[in-house]
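Marked as substrate binding site by Swiss-Prot on the basis of similarity to another entry: 32, 174, 205. The feature S-adenosyl-L-methionine binding site is assigned by Swiss-Prot to 74, 96, 98, 99, 104, 122, 151, 176. The divalent metal cation binding site feature in Swiss-Prot is assigned to 174, 200, 201. Annotation source Swiss-Prot lists compositional bias 'Low complexity' at 1-16. Here Swiss-Prot flags 22-31 as compositional bias 'Basic and acidic residues'. Look at Swiss-Prot and you will find 1-31 tagged as region 'Disordered'.
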């Protein structure tokens, strides 16, 4: 999920019922879905996701589950989706903004060809190094160029060199929601025509459809407006074709067409 400590949450998100009371939607970090039925989501995981999950990704998921901010991780079904997507578009040069322990990063690295690359950025190297042994064990660490620190300066440096324009096949953004639009404007210069940008958490725990006065955790409420603005902006942006999917916490794919 995101890279900022303010976006970390306790065990699980909560929703308000008709009486305004709080109720827990899911009881474990393995459940990260907007589906109303826990049983249905567990069926998806048990039937189609976990049996096909590479051992290295399973190990990284289990390591991450012990971290106090484990809700920041990409869900297993979304990791499977990203892995398939990378293969479908034949991506070779990719970027990830917001790494956390690297579950989505590993999903991407495993999908890339041997000479594929990922420019990965996160403000917290410690979290990345927590998952690094799993990435190294999978034999894909050589594909990753990890940069610790804010992503915007790195993007600006890339844009300053003409050779980087339109050079990336795929970018996955799972970081500070208040900068998503800043990332978007820069990434449109760096992603090739026909290339994809994926924005994570675009349904933001389902809060995008809640009334303003609905009970919400503080960090959900704080970033909710940024997500709402992003969704509206992407829907109106004729430089991209978009597809918003209820995978994980919501992911919006943008295909650059201009």
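Yeah, the Cβs are placed from backbone N, Cα and C, and that goes for glycine too.
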Cα distance (Å, whole number) from residue 200 (divalent metal cation binding site) to residue 96 (S-adenosyl-L-methionine binding site): 11
Spatial neighbour of residue 99 (S-adenosyl-L-methionine binding site) that is closest, considering only the binding-site residues 174, 200, 201, 205 and their CA atoms: 174
Other C-beta atoms that fall within 10 angstroms of the C-beta of residue 122 (S-adenosyl-L-methionine binding site): 26
Sparsest-packed among the binding-site residues, when each Cβ's other Cβ atoms within 10 Å are tallied, from 74, 205: 205
Minimum Cα separation from residue 122 (S-adenosyl-L-methionine binding site), reported as the residue among binding-site residues 174, 200, 201 that achieves it: 174
DSSP state at residue 99 (S-adenosyl-L-methionine binding site), helix/strand/coil: coil
Longest CA-CA distance among 74, 96, 98, 99, 104, 122, 151, 176, per record bound to S-adenosyl-L-methionine, angstrom: 19
Alpha-carbon distance [residue 176 (S-adenosyl-L-methionine binding site); residue 200 (divalent metal cation binding site)] in Å: 10
Residue 176 (S-adenosyl-L-methionine binding site) to residue 205 (substrate binding site) - Cα separation in whole Å: 15
Between residue 98 (S-adenosyl-L-methionine binding site) and residue 174 (substrate binding site), the C-alpha gap once rounded to whole angstrom: 5
Binding-site residues compared (96, 174, 176, 200) - the one with the fewest other Cβ atoms within 10 Å: 176
